[in-house]
Amino acid sequence: MARYVFITGGVVSSLGKGLASAALGALLQARGYTVRLRKLDPYLNVDPGTMSPTQHGEVFVTDDGAETDLDLGHYERFTGRPTSKADNITTGRIYRDIIAKERRGDYLGATVQVIPHVTDAIKEFVRDGNESYDFVLVEIGGTVGDIEGLPFFEAIRQLGNDLPRGDAIYIHLTLLPFIPSAGELKTKPTQHSVKELRSIGIQPDILLCRCDRPIPPEERRKLGLFCNVRETAVIEARDVDTIYEVPEAYHREGLDTEVLRAFGIEPAGAPDLSRWREVTRRVRHPEGEVTIAIVGKYTGLKDAYKSLYEALVHGGVANTVKVNVDWIESEIFEREDPAPFLEHVHGILVPGGFGQRGAEGKIRAATFARERKVPYFGICFGMQMAVIEAARNLAGVGDANSTEFGPTSEPIVGLMTEWTRGNALESRSAEGDLGGTMRLGAYDARLKGGSKVADIYGSQDISERHRHRYEVNTDYRERLEARGLVFSGMSPDGLLPEIVEYADHPWFVGVQFHPELKSRPFEPHPLFASFVEAALHQSRLV
Ligand code: GLN
């Protein structure tokens, strides 16, 4: 039987609840337990797929094609367990299903209500499919007190009684702000937050307190006393310099021990954290450094490129170098010469993106990388822009463009209207819904023998996660290949371009998928490891 850990947040948002949950998952794993992490999101969107990356951060895509919250990325990176559709749910999805049932008449005349219908649906979701896990960690998005979060808090409160006694615990993540004029870490916001939680019937077993300095014994005592928590269960969660230090830092503060004790399990020995130590050692003691320019359009919010940034860190770990990132708004290159911005960098990465704004700037970045022989990594949109660049500047297709930006006489990149997933045909039209209709999730690709990417992957058959609506138009393939842009990866049916590369460039690769979603600290993605290695070579040249 799975045991449940419910993780809630208080005081302010952005405390790193997802990371804290992922780190606890890693700690339990390091003690030999099997864990599953899941996220409940109280917003009304059916999934985050249609939300702006600058508001909500990256949309993380699972193998089975769900567009999910970026915390699932933390879960995968910290536990290595691939997440799925079934690991993230939103209020929107719950209501959508309930309303569909109501219209079918499934409720047989009942008045459909938040309690019990919505809360039952949440509980059913939380308990489903957990048979093979020792621990299920369930993170509730938002902070306690949010109106939209109430049904979720109510559902997890009920679960505390539905589950066998002792099979569920509650962790509350809060902030202890330091007030300079008082020279103290303040406990009052946490006291209020726990009061709020208790008013809806949830008594936390453990407090995880984010702070920027040690919690003095007096404050710890106060927190225990006023929040009705054992003093040893007040866990200091201090800021650390790398996120991969978090599991070890939390272990030192006793988090895993307290969690096990809360379940009545006496911890045996210590968790094996050697691989975490190795990663943090490499992050802290690099043998060199490289600078990568990320030329994107959501650079204002770093969370918009969460997995991408982490994959670059992993590429650094693979090469034991530090990766510095220069974040550059691509629109700048529409007004200014890219050279002064890019001359000193060792690699240029154009990430995924949507819409016309900034596209021309990305094309200029690709021109610069191609002509100056600077390593270039184009991901999804970044690949599409690199192909448009080649068409315009090498193949003489001056009007080359993407239909994403409007009608064009030279659709180098066009709307995908049909493709196959396994044996099923997927069809789309320009008038269709935007939500959940892209080419999403894991698809196989076949790599060309002798290509750079086949060498990097060490295989000709790969599977990567996708999230796009447009594709490179194979009508132009011959003309582009004649000018040196090789289509080195295709869908298994040979219809959809998956990877392009230049044979006569040190490292210029464009991929239609999102390799960053599958990179992990212990298994850096081969493309990121190779890109950082190429950047390292470049750094010796400039
Ligand atoms: N906007 C492009 C498309 O839909 C690229 C998407 C992306 O970069 N994820 O095809």
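The backbone N, Cα and C atoms fix where each Cβ goes, glycine too.
Listed features, source TrEMBL:
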type     : residues                                                                              : note
ACT_SITE : Cys380                                                                                : active site, nucleophile
ACT_SITE : His514                                                                                : active site
ACT_SITE : Glu516                                                                                : active site
BINDING  : Ser13, Lys186, Thr187, Lys188, Pro189, Thr190, Gln191, Lys222                         : UTP binding site
BINDING  : Ser13, Asp146, Ile147, Glu148, Lys186, Thr187, Lys188, Pro189, Thr190, Gln191, Lys222 : CTP binding site
BINDING  : Ser14, Leu15, Gly16, Lys17, Gly18, Leu19, Asp71, Arg238, Asp239, Val240               : ATP binding site
BINDING  : Gly353, Phe381, Gly382, Met383, Gln384, Glu404, Arg469                                : L-glutamine binding site
DOMAIN   : 3-264                                                                                 : domain 'CTP synthase N-terminal'
DOMAIN   : 301-533                                                                               : domain 'Glutamine amidotransferase'
REGION   : 1-265                                                                                 : region 'Amidoligase domain'
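Proximity to ligand 1 at the level of Cβ atoms, with a cut-off under 6 angstroms, picks out Gly353, Cys380, Phe381 from the recorded positions Gly16, Gly353, Cys380, Phe381, Glu516. In sequence order, Cys380 are the recorded positions from Gln191, Cys380, Gln384 with a C-alpha within 10 Å of the C-alpha of His514 (active site).
Within 10 Å of its Cβ, the residue among the binding-site residues Lys186, Lys188, Lys222, Arg469 with the fewest other Cβ atoms is Lys188. When the Cα atoms are compared, Gly353 (L-glutamine binding site) and Cys380 (active site, nucleophile) turn out to be 8 Å apart. Using a 10 Å radius centred on the Cβ of Gly16 (ATP binding site) and all shown protein chains, the other Cβ atoms total 19. Each of the binding-site residues Asp239, Glu404 was scored by other CB atoms within 10 A of its CB, and the lowest score goes to Asp239. For the pair formed by Lys188 (UTP binding site) and Arg469 (L-glutamine binding site), distance between Cα atoms is given as 49 Å, rounded to the nearest Å.
Lys186 (UTP binding site) sits 28 Å from Asp71 (ATP binding site), taking the Cα positions as reference.
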